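Colleague: Structure incoming, see below.
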Amino acid sequence: MHHVHGRFAPTPSGPLHAGSLVAAVASYLDARSQQGRWSLRIEDVDPPRCPPGSVDTILRQLETFGLAWDGEVRYQSHRHDAYARALARLTEQGMAYPCSCSRKQWRDYGIYPGWCRDGVCQPEAPQAWRLRSDLGQRPVSWHDRLQGLQRFDPAALGDVVLKRKDGLWAYQLAVVVDDIDQHITDVVRGADLLDNTPWQLQLLEALGAEPPRYLHLPLVIGQDGQKLSKQNLARPLPEDPRDVRRLLHATLALLGQSPDPAASEAPVAEQLEAACRRWRPRQIPRADIASQGLQVDGDDADTNE
């Protein structure tokens with residue numbers, strides 16, 4: 001029997017916003033509608049980006065919207081040994097190598113040319129660790145559940161960083177190791193991470209793991225045409241109960257799930273239960289979502305005014 005296990009994995013660089021809610025709700029409904037587990041992972045491998053109190057805020061926001069996770073919260077900051085073991089395995093396989101090159105040195109090439117693959121260019125300089133993308137000669141391809149067939153040429157990917165020069169673990173390695181260890185079967189996330197998937201598929205193959213199914217959601221776009229994000233100071237999710245109910249209803253509508261118009265004032269648990277019963281991923285729009293559609297109490301969710 002296929003046991004579905006989804007996850008929501010925010011970086012605690014600030015409170016969740018309307019774009020975060022779209023990803024959280026979609027991943028939650030996708031797992032729950034298949035009687036699956038839904039885990040919460042805090043991707044805090046980059047401490048300078050994670051202000052104090054942000055994790056507590058995220059947990060409170062998810063609870064406010066009725067998004068209850070299974071098991072304990074997983075923190076990437078507690079997983080250094082697991083990432084080190086994975087890097088050692090990749091190195092033994094010849095898939096990972098140390099690199100002393102700076103971005104300034106290879107910037108004109110567009111992608112890193114792999115100068116250190118056969119030996120570190122500057123042994124005395126600080127070194128990052130990279131994944132060799134040149135060993136897979138076939139196209140990297142997969143079927144995205146929403147975006148359809150995806151195909152990438154390994155030669156155009158470049159050798160992604162697995163561990164940074166400052167000693168911090170890079171996103172690509174950490175997310176793959178955790179997806180493997182947690183037995184994640186379904187990844188539902190924003191389309192801004194679509195082009196990260198080929199590297200993650202290469203890592204999964206090198207580590208001997210089956211890839212999860214991927215579904216990349218449309219992005220929530222602000223009035224300036226940019227993705228809503230913490231970097232552009234997107235407004236945090238509301239806390240007022242009435243606004244919470246209305247925003248959840250609007251989120252379900254923008255995900256193409258056609259919630260009952262009369263249910264916009266219904267408790268969040270009731271809205272989520274109904275949405276689980278009628279969850280249809282194929283009804284999610286592929287095009288990006290305008291943030292004007294995520295309004296509560298007449299107030300636009302975008303803060304780029």
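Glycine is no exception: its Cβ is also placed from the backbone N, Cα and C atoms.
Just so you know, TrEMBL annotations are computer predictions that nobody has curated.
This is the feature table in TrEMBL:
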type    : residues                                              : note
BINDING : Arg7, Phe8, Ala9, Pro10, Thr11, Glu43, Tyr171, Arg189 : L-glutamate binding site
BINDING : Cys99, Cys101, Tyr112, Cys116                         : Zn(2+) binding site
BINDING : Lys230                                                : ATP binding site
DOMAIN  : 4-107                                                 : domain 'Glutamyl/glutaminyl-tRNA synthetase class Ib catalytic'
DOMAIN  : 124-257                                               : domain 'Glutamyl/glutaminyl-tRNA synthetase class Ib catalytic'
REGION  : 286-305                                               : region 'Disordered'
MOTIF   : 10-20                                                 : motif ''HIGH' region'
MOTIF   : 227-231                                               : motif ''KMSKS' region'
Colleague: Using DSSP reduced to three states, classify Cys99 (Zn(2+) binding site) as helix, strand or coil.
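Modeller: Reduced to three states, the DSSP call for Cys99 (Zn(2+) binding site) is strand.
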Colleague: Within 8 Å of the Cβ centroid of the L-glutamate site residues Arg7, Phe8, Ala9, Pro10, Thr11, Glu43, Tyr171, Arg189, which other residues of the same chain have their Cβ?
Modeller: Arg41, Ile42, Val175
Colleague: In which DSSP state, out of helix, strand and coil, do we find Tyr171 (L-glutamate binding site)?
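Modeller: In three-state terms, Tyr171 (L-glutamate binding site) counts as helix.
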Colleague: Return the residues near Glu43 (L-glutamate binding site), defined as same-chain residues 6+ apart in sequence whose C-beta is under 8 angstroms from its C-beta, sorted by sequence, else 'none'.
Modeller: Ala9, Pro10, Thr11, Pro12, Gln76, Tyr171, Ala174, Val175
Colleague: Taking only the Cα atoms, work out how far Arg189 (L-glutamate binding site) lies from Tyr112 (Zn(2+) binding site), in Å, as a whole number.
Modeller: 26
Colleague: Which residue counts does DSSP give the domain 'Glutamyl/glutaminyl-tRNA synthetase class Ib catalytic' (124-257) for helix, strand and coil?
Modeller: 44 helix, 32 strand, 58 coil
Colleague: My understanding is the cutoff is Cβ-Cβ under 8 Å with a sequence separation of 6 or more in the same chain; which residues meet that for Cys101 (Zn(2+) binding site)?
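Modeller: Correct list: Tyr112, Trp115, Cys116, Cys121, Gln122.
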Colleague: Rounded to the nearest Å, what's the C-alpha distance separating Arg7 (L-glutamate binding site) and Cys99 (Zn(2+) binding site)? Just drop the number here, would you?
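Modeller: Computed Cα spacing between Arg7 (L-glutamate binding site) and Cys99 (Zn(2+) binding site) is 32 Å.
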Colleague: Have a look around Arg189 (L-glutamate binding site) and count the other CB atoms within 10 A of its CB, chains all included.
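Modeller: Within a 10 Å radius of the Cβ of Arg189 (L-glutamate binding site) lie 20 other Cβ atoms.
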